[in-house]
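For reference, the structure discussed in these notes is given below.
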Amino acid sequence: MKFLVLAALLTVAAAEGGISPRAVWQFRNMIKCTIPESDPLKDYNDYGCYCGLGGSGTPVDELDKCCQTHDHCYSEAKKLDSCKFLLDNPYTKIYSYSCSGSEITCSSKNKDCQAFICNCDRSAAICFSKAPYNKEHKNLDTKKYC
């Protein structure tokens, strides 16, 4: 059910110009590159205090810290002169990359902002692949624990 809610939110946001489904799909595919058996939209949305929309408090584990770092990376992207986003949103930036085995390479043809966002997503996907997944942190009560 939560997946359907996420899909609906992504569709509405994309229709309003906020989130590009293609950009979200790129990040999803990067995670699939490093963790082929994962289902990123299901596994990592609504995990801990930072994985999913928004984030606050102290990360509950290493994986949640990966999401906090990814959020921070996107915040840094917003400060770059080369990154002027539609509706101030890094999720709209499309970039080029390749996946070979579990190795992600951001294309040298990316412009500065694309390269920055690609590396944010690449670093997060690699971080996810190294962090343990704790099922008890999925759908965490963020009001209580964050």
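Just so it is clear, glycine is given a Cβ too, placed from its N, Cα and C backbone atoms.
Together with Tyr50, Gly52, Gly54, the Ca(2+) site in Swiss-Prot holds one more listed residue from Asp71, Asp81, Asp112, which is Asp71.
Looking up Cys118 in Swiss-Prot gives a disulphide bond to a cysteine among Cys99, Cys106, Cys146, identified as Cys106. Checking the candidates Cys33, Cys66, Cys67 against Swiss-Prot, the cysteine paired with Cys51 through a disulfide bond is Cys67.
For Cys66 (disulfide bond) paired with Gly52 (Ca(2+) binding site), the C-alpha to C-alpha distance reads 12 Å.
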